[in-house]
Structure formats: structure tokens, C-alpha cells
Amino acid sequence: MGLSDGEWQLVLNVWGKVEADVPSHGQEVLISLFKGHPETLEKFDKFKHLKSEDEMKASEELKKHGVTVLTALGGILKKKGHHEAELKPLAQSHATKHKIPVKYLEFISDAIVHVLQKKHPGDFGADAQGAMKKALELFRNDMAAKYKELGFQG
């Protein structure tokens, strides 16, 4: 299920575009997640009061959390699948503290792909999309394995 060097290069090329403006990408990813899957909002005490897209766009806390999410994911993607050290604390917190189901990781993966398609159509063609989907699936599968080790059936 691993990615080829070429696929990792496609992933990291488009991720460079994300890193050029992490706050707006993170905000758009979370808004896309919450609009597409409103049930995910219930996992975020800080955001569950945000009902409209305008309220979400105006929230500095939401923007800050988007930066946190995409910064952590970027660190994992740059490891090209060798992300054990980065994944362990993330899985620990998401399984034991936040209780985030693996399904929600799939939802946010879809939101990431959607935002990248929208913001970077010229740099995120079919090959890059396929590579990113594979990289995010690898991340989710490894998170699910860690969840299982921790006894979380998310």
C-alpha cells in the first residue's frame, strides 16, 4: 500500500502550496468537514456553537485549530510513510482523549482533497489526487492500527 517515490513527490509538491498559506487551507478544510459532516462538529467543544459558515469563517479558534491539524499532517506526510514517531502521540490523543472515530479521519481526508482540488486545480490533477488519497489512506490505516493497540474501537 506504500507510495512510490514519484507519488510522494506529487504529494509533497501540492503540500508545498498548503504550507504557503496554512491558515486559510486549515480553515477551509475544517469548514468543509463540518458542512459535509455536521456530526463531526460535536467532537469540538470549542466549535459546536458555530452554526453558519460565516460564523466558522469569523472564528479565530477554528482557524488556529486548522493550522494545528495541517501542520501535524504535513509533518507526517514529509516522513513518506516512516511516521511512527509522529503518529503515536496523535493516535494516543485522538483515541483516548478526543475519541475521534477512524470514520472521521476519512471525512477530513475527503475534505482535504476537496479543498486542494478547489484551491489548486492546476497542481492537483488526477495523478496528484490519486497519490494524496493513497497517502491519506496510509495515514488512516496506521492510525486505525494504533487505535486498536490502544483498545479504542473508533
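Every residue, even glycine, has its Cβ placed from backbone N, Cα and C.
Per Swiss-Prot, the feature nitrite binding site maps to His65; the stated evidence is similarity to another entry. Sequence-distant neighbours of His65 (nitrite binding site) (same chain, 6+ residues apart, CB-CB distance under 8 A): Gly26, Leu30, Phe44, Lys46, Phe47. In the three-state DSSP scheme, His65 (nitrite binding site) is classed as helix.
According to Swiss-Prot, the feature O2 binding site maps to His65.
The Cβ of His94 (heme b binding site) has 22 other Cβ atoms within 10 Å, all protein chains considered. The secondary structure of His94 (heme b binding site), as reduced to three states from DSSP, is helical. The heme b binding site annotation in Swiss-Prot covers His94.
For 2-148, the entry in Swiss-Prot reads domain 'Globin'. The residues of the domain 'Globin' (2-148), classed with DSSP into helix (H, G, I), strand (E, B) and coil, number 115 helix, 0 strand, 32 coil.
Listed in sequence order, the same-chain residues six or more apart from Ser4 (phosphoserine) with CB atoms under 8 A from its CB number zero; the list is none. Annotation comment: Swiss-Prot describes Ser4 as phosphoserine, evidence class similarity to another entry.
Residues annotated as phosphothreonine in Swiss-Prot: Thr68. Taking Cβ-Cβ distances under 8 Å and a sequence gap of 6 or more within the same chain, the neighbours of Thr68 (phosphothreonine) are Gly26.
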